[in-house]
Amino acid sequence: MSDPAPDTLQLTGTGRLRNFIGIDGLPRAILEEILDTAASFVDVGDRAIKKVPLLRGKTVINLFFEASTRTRTTFELAAKRLSADVLNMDIARSSTSKGESLMDMLRNLEAMSADMFIVRHGDSGAAHYIARHATPDVAIINAGDGRHAHPTQAMLDMYTIRHYKGRFEGLKVAIIGDILHSRVARSQIHALNILGAEEVRVVAPKTLLPVDIESLGVTVCTDLNQGLRDADVVIALRLQKERMDSALLPSESEFFRLYGLTNDRLRAAHPDAIVMHPGPINRGVEIASEVADGERSVILHQVTFGIAVRMAVMSMCMSGRETERDDSLTPERPHATTR
Amino acid sequence: MSDPAPDTLQLTGTGRLRNFIGIDGLPRAILEEILDTAASFVDVGDRAIKKVPLLRGKTVINLFFEASTRTRTTFELAAKRLSADVLNMDIARSSTSKGESLMDMLRNLEAMSADMFIVRHGDSGAAHYIARHATPDVAIINAGDGRHAHPTQAMLDMYTIRHYKGRFEGLKVAIIGDILHSRVARSQIHALNILGAEEVRVVAPKTLLPVDIESLGVTVCTDLNQGLRDADVVIALRLQKERMDSALLPSESEFFRLYGLTNDRLRAAHPDAIVMHPGPINRGVEIASEVADGERSVILHQVTFGIAVRMAVMSMCMSGRETERDDSLTPERPHATTR
Amino acid sequence: MSDPAPDTLQLTGTGRLRNFIGIDGLPRAILEEILDTAASFVDVGDRAIKKVPLLRGKTVINLFFEASTRTRTTFELAAKRLSADVLNMDIARSSTSKGESLMDMLRNLEAMSADMFIVRHGDSGAAHYIARHATPDVAIINAGDGRHAHPTQAMLDMYTIRHYKGRFEGLKVAIIGDILHSRVARSQIHALNILGAEEVRVVAPKTLLPVDIESLGVTVCTDLNQGLRDADVVIALRLQKERMDSALLPSESEFFRLYGLTNDRLRAAHPDAIVMHPGPINRGVEIASEVADGERSVILHQVTFGIAVRMAVMSMCMSGRETERDDSLTPERPHATTR
């Protein structure tokens with residue numbers, strides 16, 4: 001099978017979402033549908049009964065090849081609030097350790113009539129690879145792959161921006177810090193450009209900037225004050241200490257001195273600017289506590305919106321596939337075949 | 001914010017349970033309400049369908065900073081029988097390992113619209129600290145903190161005593177063994193005194209007795225026969241081998257010789273005395289098998305009652321908070337705020 | 001208590017299934033009832049809502065003393081599709097590490113009103129031992145014990161054979177590979193003989209054959225071509241590399257050269273022969289990819305049927321016990337007793 005274009009991988013013939021691997025290549029209408037659908041889920045978290053039956057009786061499998069309790073928890077919570085059955089697969093302990101290939105493991109999970117894989121992997125392109133080789137019965141959602149993408153994080157950031165700014169047109173957005181290792185930054189840049197932000201700035205030392213970054217449609221600043229000037233939205237990225245070889249960075253205190261967000265520095269931004277961070281935050285490294293806990297910060301609201309956005313993506317992929325199945329011949333389950 | 005008195009931390013303005021951190025400072029009426037509520041849950045375990053819908057659509061998070069499969073299992077079971085959605089957080093693998101602070105982790109879980117944290121921690125006061133800093137939206141239940149308290153264990157013990165003795169008035173209760181390291185003993189002593197037991201005796205070698213123990217309102221015995229004399233209830237504590245430096249104890253066999261419960265020793269107790277143990281038991285160390293498996297033993301019944309007592313505490317905290325929310329202005333969720 | 005015969009351990013007085021420990025000693029009617037019941041569950045995996053309420057409000061505990069993510073997942077999925085509440089016990093981290101005995105741990109779980117234990121253990125006979133000592137309230141299902149048995153795997157294999165061949169009478173079945181370490185092979189042999197297969201052949205080098213194997217009612221072949229001749233069903237076993245000391249085996253490539261399944265070798269089998277494997281497969285060791293992925297292979301269909309077969313065994317044991325309870329006096333729960 002030849003590698004389909006990302007859109008046919010992510011969208012059905014009638015343009016509905018079927019997988020959610022990356023923002024790149026998705027039409028603006030789909031991103032806006034995700035935001036609108038999420039809006040209808042936001043208040044589920046406030047109800048006495050925090051559940052809707054949309055995924056009732058569906059099997060969602062958390063396939064985490066890279067440990068991330070926080071992200072796994074948000075997806076597990078979103079799936080349970082949609083009334084799905086959730087299985088957590090600890091891949092480290094799985095048969096892969098018995099020498100089974102990734103593809104054989106996936107085929108087995110598919111044969112158990114799983115409906116959705118939430119995939120977290122340390123290698124860029126892993127979710128895309130899995131989506132290309134998975135059966136049409138299973139929806140694939142990318143929960144972060146290497147340095148490539150973290151699309152649900154980007155969409156919850158878009159939700160947060162739209163919630164507080166009401167629009168994307170005319171917005172100046174500054175993304176600050178470790179762009180080089182950040183799958184979040186890549187997904188944010190794609191989403192902001194598709195949704196029509198006026199300007200996306202990446203602010204970082206040269207050592208933490210990918211060589212090809214301008215090609216994504218961003219302004220590059222190596223000076224923080226210049227990067228913050230009149231910004232409506234300021235996004236600090238987590239310093240991926242665990243992924244960095246010291247060569248790239250003098251020291252944490254040096255990084256904070258040059259790129260750490262403080263109230264003083266934020267004076268350069270627009271008076272109504274909001275401050276965002278994907279978390280977990282390193283206080284005193286990329287962001288000062290006075291900012292993280294300050295009135296401009298919407299960091300915890302991002303977390304709340306994140307559950308709703310993940311519920312939206314899950315339910316859209318599921319209904320997209322159901323339409324797809326109705327339109328085509330129902331794919332046969334193994335047991336339906338005879339010889 | 002100043003540290004509120006324990007009762008305002010644990011009770012609403014109208015005197016309903018909102019957190020369950022420790023027995024100390026709770027009124028007798030609340031302890032009795034827990035026992036009465038548990039009584040209504042005890043037979044749920046016998047039904048064909050072992051579920052009641054009281055926590056349906058609520059999100060309960062097991063925050064275990066200290067591994068305890070047994071305690072985690074009882075809370076998970078109790079929550080599921082109340083129809084809650086349960087998430088188990090393996091803190092060792094969580095973002096705390098990425099240098100995130102405890103408070104930042106809690107803020108994140110709160111922002112996911114969690115309703116209840118079940119907290120197990122190796123440090124005394126951890127649950128109290130978390131309850132003081134948590135949002136009003138989340139109920140905190142202490143599942144054991146350091147040497148301080150294990151209140152649900154104490155309440156299941158009280159349930160067991162009331163079930164077999166029908167009252168607390170006039171009862172002599174002997175608590176035997178490693179008092180020094182036992183959060184269970186501290187909680188039991190508070191509960192027995194609040195509920196009106198006639199006499200609470202702690203029986204242990206001087207090296208396993210806290211210096212301040214009399215101040216809790218107990219009789220101290222270093223001799224087992226004296227401690228057992230006419231006791232109506234005999235509680236053997238687990239010898240916390242893993243917490244002891246050998247200096248405190250000559251040897252296990254020596255401990256058994258002096259303080260181990262045997263049928264022979266139990267002759268000193270009241271003829272109808274019951275024998276209890278929080279488990280897991282060390283056979284031949286603090287208790288002989290002939291006693292653990294004997295007719296006076298109600299150890300396994302404690303486990304059964306434990307599920308009902310945990311269901312009672314969880315449902316009382318949840319309804320207490322709902323009344324609290326109705327009485328006050330509904331606390332705003334992040335997304336409800338605007339700028 | 002004396003060791004009851006397997007059938008009274010596995011069957012109620014009226015001949016209904018109450019535990020599922022091993023195939024040996026079960027009547028043909030029960031095996032056929034399992035297959036027929038599974039047939040009614042197979043299409044649950046195709047429904048929009050993959051759930052039936054048969055185990056609603058029941059507590060199923062996965063007691064895995066030996067890690068097996070794959071098998072644990074299939075049982076967890078089967079239990080959830082029956083609407084049961086599932087608890088996964090990580091025994092390595094449990095109180096057994098605190099020196100609690102296996103029996104004390106089981107008594108505790110029973111006292112929590114568990115309905116079913118799914119037992120996986122490295123020692124042969126572990127599930128049988130647990131079933132002998134468990135209360136009548138808990139059904140025990142063997143998910144693999146040492147080299148002894150893996151009965152649900154064998155029954156899903158029987159389901160697969162009956163699905164594709166429509167019968168057992170007159171069938172020649174070849175089981176190839178590491179017979180010595182295979183609990184699966186033992187259970188398959190018992191099931192095939194009970195269900196009336198014409199001939200069961202085991203094909204392996206002498207070093208991978210148990211001494212007593214003929215006594216199970218099989219033909220032994222050490223030559224693959226001879227073993228495959230006119231076979232209707234070909235079952236390749238996983239080479240249990242992790243259990244083998246090199247002494248038993250020259251090398252993987254040597255094993256493949258002599259016993260590995262290839263299309264070329266399969267020419268000796270019946271033209272309509274199906275190829276099965278319990279998984280996970282070692283490509284190029286016991287089976288060539290051309291065979292595993294070929295048109296004769298029904299390996300993934302076995303996985304799909306496995307969920308239905310496990311649902312069948314679980315629901316049969318549960319209803320068998322309910323009839324048993326109704327027929328006898330209801331066993332008293334601890335709290336029902338008084339003194």
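Along the chain as shown, residues are numbered 1 onward.
Each residue, glycine too, has its Cβ placed from N, Cα and C.
Straight from TrEMBL, the features:
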DOMAIN    C:18-162  domain 'Aspartate/ornithine carbamoyltransferase carbamoyl-P binding'
BINDING   C:Arg70, C:Thr71, C:Arg120, C:His150, C:Gln153, C:Gly279, C:Pro280  carbamoyl phosphate binding site
BINDING   C:Lys98, C:Arg183, C:Arg238  L-aspartate binding site
DOMAIN    C:169-316  domain 'Aspartate/ornithine carbamoyltransferase Asp/Orn-binding'
REGION    C:320-339  region 'Disordered'
COMPBIAS  C:321-339  compositional bias 'Basic and acidic residues'
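Between the CA atoms of C:Thr71 (carbamoyl phosphate binding site) and C:Arg183 (L-aspartate binding site) there is a gap of 14 Å, rounded to the nearest whole number. Under 8 Å, Cβ to Cβ, and six or more positions away along its own chain, C:Pro280 (carbamoyl phosphate binding site) finds C:Arg70, C:Arg238. Sorting the binding-site residues C:Arg70, C:Arg238 by the number of other Cβ atoms within 10 Å puts C:Arg238 first. Counting in whole angstrom, C:Arg183 (L-aspartate binding site) lies 12 from C:Arg120 (carbamoyl phosphate binding site) by their C-alpha atoms. Excluding C:Arg70, C:Thr71, C:Arg120, C:His150, C:Gln153, C:Gly279, C:Pro280 themselves, the residues of that chain whose CB lies within 8 A of the CB mean position for the carbamoyl phosphate site are, in sequence, C:Ser68, C:Thr74, C:Ala143, C:Gly144, C:Pro278. DSSP assigns C:Arg120 (carbamoyl phosphate binding site) to a strand.
Look at the domain 'Aspartate/ornithine carbamoyltransferase carbamoyl-P binding' (C:18-162): DSSP puts its residues at 69 helix, 27 strand, 49 coil. Filtering the binding-site residues C:Gln153, C:Gly279, C:Pro280 for a Cβ under 8 angstroms from any Cβ of chain A leaves C:Gly279, C:Pro280, in order along the sequence.
Following the DSSP three-state reduction, the secondary structure of C:Arg183 (L-aspartate binding site) is helix. Most other Cβ atoms within 10 A: among the binding-site residues C:Thr71, C:Gln153, that distinction falls to C:Gln153. Among C:Arg70, C:Thr71, C:Arg120, C:His150, C:Gln153, C:Gly279, C:Pro280, the residues given in the record as binding carbamoyl phosphate, the maximal Cα to Cα distance rounds to 17 Å. Highest Cβ count within 10 Å among the binding-site residues C:Arg120, C:His150, C:Arg183: C:His150. Note: C:Gly279 (carbamoyl phosphate binding site) has non-local neighbours C:Arg70, C:Arg238, C:Ile299, C:Gln302, C:Val303, i.e. same-chain residues 6+ apart with C-beta under 8 A of its own C-beta.
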